[in-house]
Amino acid sequence: MSLSVNEGVDVKGLVDKVLEAYPEKSRRRRAKHLNVLEAEAKDCGVKSNIKSIPGVMTIRGCAYAGSKGVVWGPIKDMIHISHGPVGCGYYSWSGRRNYYVGDTGVDKLGTMHFTSDFQEKDIVFGGDKKLHKVIEEINELFPLVNGISIQSECPIGLNGDDIEGVSKAKSEELGKPVVPVRCEGFRGVSQSLGHHIANDVIRDWILPKKTEPKEGFVSTPYDVTIIGDYNIGGDAWASRILLEEIGLRVIAQWSGDGTLAELENQPKAKVNLIHSYRSMNYIARHMEEKFGIPWMEYNFFGPSQIAESLRKIAALFDDTIKENAEKVIAKYQPMVDAVVGDAALRAHGTKGRVPLKPLGPRHRPIVDAYHDLGMEIVGTGYEFAHNDDYQRTQHYVKEGTLIYDDVTAFELEKFVELMRPDLVASGIKEKYVFQKMGLPFRQMHSWDYSGPYHGYDGFAIFARDMDLAINNPVWGIMKAPF
């Protein structure tokens, strides 16, 4: 943590002003989730992973979203059934820009929507028979599918359906994995529990009990896996390029553009490299305990973190990999200098004050990419973080930064109104609100239909997109209401 931001601004006073709008009980509860980072603090000073206040407009998702939308959904050669009423699956269909290689309906099924379409009678009498039929139809229509997952919606956990029994029976009948995921939306306080449940299902239903390689698999000393990169806009491909450039072999990449076979390859890796810590640390820890595979978190957002991560990864291998890492960093440095120099010229000497809205696991990695462009983060937070996420956040942000956990729509709008930033980086729910307020905005849950943002090439795209947002001439025509 270095220097401070928001100098001359009474940020604590702003927090108090925003909290004044709440009734006393809600004000006391929300006050625990809002803080201003202090020098030498042991953590960010906010409570996390606690239920949202009923009635507020929260930005969180549910356990179903965490399982299907994040962990399981991008696995491309499996079919993921939204088991329950049609709405949950329909409104989350293709909601994330997980890129794939393959032919839709043949070996790429992630862009398609499958649902058991629960009706009232299914809720009253149970849906196990219907689930049997759905799985049979899927196998008949898509014979090349390598596996099926059952993503439970809320009614499944309420009416006592035996999806585990159905899964075991159909797995034996079809000779393919049929995986039950108890990710009903009412479980937990956010999508974070859905991540955890999905990780546990991979542990119990997919990972082999033994580590002997399959026939034809040739192990090397440089085998690694990419975990928790969902290939938004091609991010995982950009990360893979760098890892292969330094001499490593990526034997599994999931779940973005991932396959069932890659999941099964996981225990053969020498090191597991995890990008989205919050959503995938559970399975990484399990493999360390079960198979003795070390893991490390890496960050390929922005050149500072890319160089640091490449060196940390290379340190786990021999001198050849270490030398290659330095060569790769040096190779891309001229491009980085050009991108940063151009960004500085375009900024016209102004500070880019970015309140980075809750981005879940993405919050922490993205911060330094803004710093690399010479921008200041004046406010940031998570929507589904745990305490350890905030502990890991401290060295990324500066003293005086506004920290908010599970920020409500009202709070975020008021903070933006009072702090008047140059750019808001947030999610789709907030995009049009702030654009109508006359503020530059980037939708950072799916890179605003751009990307990739990982890697050196991704940093150039990131810098271009931030420049286009901030320096768009339309903002000279529109005026913010404040």
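Each residue, glycine too, has its Cβ placed from N, Cα and C.
Here is what Swiss-Prot says about this protein:
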BINDING   C62, C88, C154  [8Fe-7S] cluster binding site
BINDING   H445  [7Fe-Mo-9S-C-homocitryl] cluster binding site
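The two recorded residues, C88 ([8Fe-7S] cluster binding site) and the residue listed as '[7Fe-Mo-9S-C-homocitryl] cluster binding site', show a Cα separation of 19 Å.
Ranking the binding-site residues C62, C88, C154 by other CB atoms within 10 A of the CB puts C154 at the bottom. Other residues of the same chain near the [8Fe-7S] cluster site, with their Cβ within 8 Å of the Cβ centroid of C62, C88, C154, are A63, Y64, A65, G84, E153, E184, G185, F186. Note: the Cα of C154 ([8Fe-7S] cluster binding site) and the Cα of H445 ([7Fe-Mo-9S-C-homocitryl] cluster binding site) are spaced 25 Å from each other. Geometry remark: C62 ([8Fe-7S] cluster binding site) versus H445 ([7Fe-Mo-9S-C-homocitryl] cluster binding site), CA distance 16 Å. Look at the residue listed as '[7Fe-Mo-9S-C-homocitryl] cluster binding site': DSSP puts it in coil.
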